Amino acid sequence: MRNKDFISIHDLTIEEINRIFELTKEMKSNPKKFSNSLEGKILALIFEKPSLRTRVSFEVGIRQLGGDAIYLAPSDIQMGKRESVYDVGKTLERMVDAIMIRTFAHKIVLELARAVKIPVINGLTDLLHPCQAMADYFTMIEKKGDLKKLKVVFIGDGNNVCHSLMFGAAKLGVNFWAVTPKGYEPKREIYQLAIEDAKLTGAKINIINDPTEGIKDADVVYTDVWASMGQEAEAEIRKKIFQPYQVNQELFSLAKPDAIFMHCLPAHRGEEVTDDVIDSPNSVVFEEAENRLHVQKAIMYELMKDR
Ligand code: CP
Ligand code: NVA
């Protein structure tokens, strides 16, 4: 990869994205071939927010490649409080080979990446969740084939997951719809950048507020929690505002009959999605979760193999 870091899908070329997908496919079907490919490499995992999938998939992933991981909990290093982001980075780069970070402000990841010579991987910020979107598009290819033929609908909050899916759609030529309540649309600056990429690939990026119009004839229906980590205080008010955007059987039936349902998880069952949809045969949420492991192994390999 041209870049030292993996911070946003917007930074990648289409060739780099496709290379990651090809490698993911190979690693998923033949994991043994890569079992020593990052031998002796150590990945530091900085978590300032909770996690199940991201933590487990990175820890298992680096071990499956022959390396190891160190988990640093929010209370351990207290980045920015106990010491500066810069000092944390400069210390870690003396001891580990790469850093994965999950934090609040996106600028913390940028600052850390600037400070260190080793690769930095974005494991979620308030703005973006690029590893998730890479696993999601890989899952869509597995399930549906040609991404350029798909109507992909993200319904709910125009959040970090929505932003990364939008960036991915723009790079991959997808017909992407973000369907949100008024005032909860994806950020303007993300949309503007996506539109620039879309001009090169023929992707269509739509943002609307009407859930029934948005979901009509969708091939992929994707949702996420209405209040993300850090927005807990807004959860009650958001429940009322987002109710018409709940992916229940009635709304989901407006998508194509063979549409797949996706969710990055964790899901708040009974809020953004009902059990009858997330547990239906159309739901691929656990395959999607598994693909976090495979796609991140490919990302780590690409970033760390020659270092
Ligand atoms: N989807 C996802 O990133 O899950 P975690 O928050 O459990 O890591
Ligand atoms: N939008 C959610 C995603 C969790 C994986 C959050 O940021 O909490």
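The backbone N, Cα and C atoms fix where each Cβ goes, glycine too.
The structure displayed is predicted, hence computed values, not measured ones.
Listed by TrEMBL as binding L-ornithine are Asp224, Ser228, Met229; the candidate from Asn160, Asn282, Asn291 that the record includes in that site is Asn160. Neighbours of the L-ornithine site: apart from Asn160, Asp224, Ser228, Met229, residues of the same chain with C-beta atoms within 8 angstroms of the site's C-beta centroid are Leu124, Asp126, His129, Asp157, Asn159, Val161, Val225, Gly230, Gln231.
Of all the binding-site residues in the list Asn160, Asp224, Ser228, Met229, the shortest Cα-Cα distance to His129 (carbamoyl phosphate binding site) is found for Asn160.
Of all the binding-site residues in the record (Asp224, Ser228, Met229), the one with the smallest CA separation from Arg292 (carbamoyl phosphate binding site) is Asp224. Note on the binding-site residues Cys131, Met229, Cys264: the fewest other CB atoms within 10 A surround the CB of Met229. Counted with DSSP, the domain 'Aspartate/ornithine carbamoyltransferase carbamoyl-P binding' (4-142) comes out as 70 helix, 22 strand, 47 coil.
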